[in-house]
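Notes follow once the structure below has been shown.
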Amino acid sequence: MEEENETLTTDFILSGLFPNMNYVSILIYIIILIYLAAVTGNFFLLLLIWMDLSLHTPMYFLLSQLSLIDLALISSTVPKMMVNFFSGRKDITRAACGTQVFFFFTLGGAECILLTLMAYDRYVAVCNPLRYAVIINHGVCLQMVIVSWTGGILASTAHTFYTMSLPICGSREIQHFFCEMPAIMKISCKDTSIYEVVVFVMGICFIIIPFGFIVASYMLIFHTVLRMKSPQGRSKALGICFSHLTVVSFYLGPCVYMYMTPGSSHTPDQEQAVSVFCTVLTPMLNPFIYSLRNKDVLGAFQKVLRKHPVFKWTT
């Protein structure tokens with residue numbers, strides 16, 4: 001018992017990104033470039049939504065929250081990974097590790113809920129446009145954001161408390177580039193089979209059920225779009241829906257693999273590859289997916305360039 005209590009207060013060691021991979025430094029530099037692109041893209045999208053009045057709508061308000069979550073998500077893992085790589089240190093304090101676990105689950109849970117609510121927003125906009133302003137008003141938008149963050153925080157608090165209370169009786173080395181729950185569970189000397197069932201149930205609540213709602217919403221949306229007589233309206237609706245479905249697939253797909261399948265079936269390299277996709281690549285792709293195919297965003301960007309010519313030289 002004394003040894004176990006002592007282990008609970010000991011720092012962890014992070015193995016780093018693909019420790020057995022040759023020329024991992026090249027991958028690190030690529031991730032740094034992706035991180036800079038993600039921060040720039042999401043920050044610019046936030047700035048654009050704030051500056052242009054035509055984007056002050058419920059859909060873009062929810063999109064701004066998605067950009068905020070993506071900014072925080074990628075910043076909760078990549079900077080620490082870069083510091084460890086360039087400093088040659090692999091240690092992380094227990095408090096810092098718990099902080100990473102908490103923010104990772106808070107942001108991940110909030111994004112799952114937010115993506116579901118964004119699908120509902122699109123359903124109302126396409127299937128019930130005449131009542132859209134009444135149903136999705138400013139108060140409802142704020143409630144959506146509060147529900148997203150509250151749900152993420154509550155789920156994260158439970159996961160963080162359990163994960164960080166696990167006794168580590170052997171090696172303190174986490175086979176990952178950040179403190180990730182499945183990787184911590186693998187080095188615990190406690191039987192976590194019951195908790196894996198809890199994680200599976202939570203996965204149903206935060207991944208499968210939201211995905212079901214999203215699919216149902218878009219089936220109704222596509223049914224409505226196919227009956228539209230205006231080619232322009234059909235094209236615009238399908239463009240926005242395509243962007244949202246792409247983001248949902250990129251985010252929820254890997255989450256199913258990580259949290260809905262047995263942890264024993266994953267190798268450390270597989271878990272790291274999925275985590276890189278979820279926490280690094282997806283936050284970088286999201287602002288480009290929503291902006292490149294979106295005429296409203298491109299039009300707002302052109303207006304900002306006309307009003308503020310200095311952007312022409314800084315972008």
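One-based numbering along the chain as shown.
Cβ coordinates are placed from backbone N, Cα and C, and glycine is handled just like the others.
Just so you know, TrEMBL annotations are computer predictions that nobody has curated.
As the structure is a computational prediction, the values presented were derived from the model and not from experiment.
Summarising the annotation, TrEMBL assigns transmembrane segment to 26-48 (among others). Outside the transmembrane segment (26-48), and at least 6 residues removed from its termini, the chain residues within Cβ reach (under 8 Å) are 17-18, 55, 63-64, 67-68, 70-71, 74-75, 78, 81-82, 85, 276, 280-281, 283-284, 286-288, 290-291, 297, 300-301, 304.
The domain 'G-protein coupled receptors family 1 profile' annotation in TrEMBL covers 41-290.
Annotation comment: TrEMBL describes 60-78 (among others) as transmembrane segment. Beyond the transmembrane segment (60-78), the same-chain residues lying 6 or more positions past its ends with a Cβ under 8 Å from any Cβ of the stretch are 31-32, 35, 38-39, 42-43, 45-46, 49-50, 100, 103-104, 107-108, 110-111, 114-115, 117-118, 121, 141, 144-145, 148, 177-178, 247, 275, 279-280, 282-284, 286-287, 290, 296.
Summarising the annotation, TrEMBL assigns transmembrane segment to 98-120 (among others).
The transmembrane segment feature in TrEMBL is assigned to 132-155 (among others).
What TrEMBL records for 197-225 (among others) is transmembrane segment.
Within its own chain, the transmembrane segment (237-260) has Cβ neighbours under 8 Å at 59, 66, 108, 111-112, 115, 118-119, 122, 126, 182, 199-200, 202-204, 207-208, 210-211, 214, 218, 221-222, 225, 228, 266, 271, 274-275, 277-278, 281-282, 285-286, 289-290, 293-295, counting only residues six or more beyond its boundaries. What TrEMBL records for 237-260 (among others) is transmembrane segment.
Remote same-chain residues near the transmembrane segment (272-292) are listed as 17-18, 31, 34-35, 37-38, 41-42, 44-45, 63, 66-67, 70-71, 73-74, 76-78, 104, 108, 176-178, 180, 243, 246-247, 250-251, 254-255, 257-258, 298, 301 (criterion: CB distance under 8 Å, separation of at least six residues from the stretch ends). Annotated transmembrane segment per TrEMBL: 272-292 (among others), in sequence order.
Tertiary proximity for the transmembrane segment (197-225) is limited to same-chain residues at least six positions away from its ends with a CB under 8 Å from its CB atoms, namely 108-109, 112-113, 115-116, 119-120, 122-123, 126-127, 151, 155, 159, 181, 234, 237-238, 241, 245, 248, 252, 255-256, 259-260. Here the transmembrane segment (98-120) has long-range neighbours at 59, 62-63, 65-66, 69-70, 72-73, 76-77, 80, 92, 144-145, 147-149, 151-153, 155-157, 159-160, 163-164, 178-181, 184, 206-207, 210, 213-214, 217-218, 244, 247-248, 251-252, 255, 278-279, meaning same-chain residues at least 6 beyond its ends whose C-beta is under 8 angstroms from one of its own.
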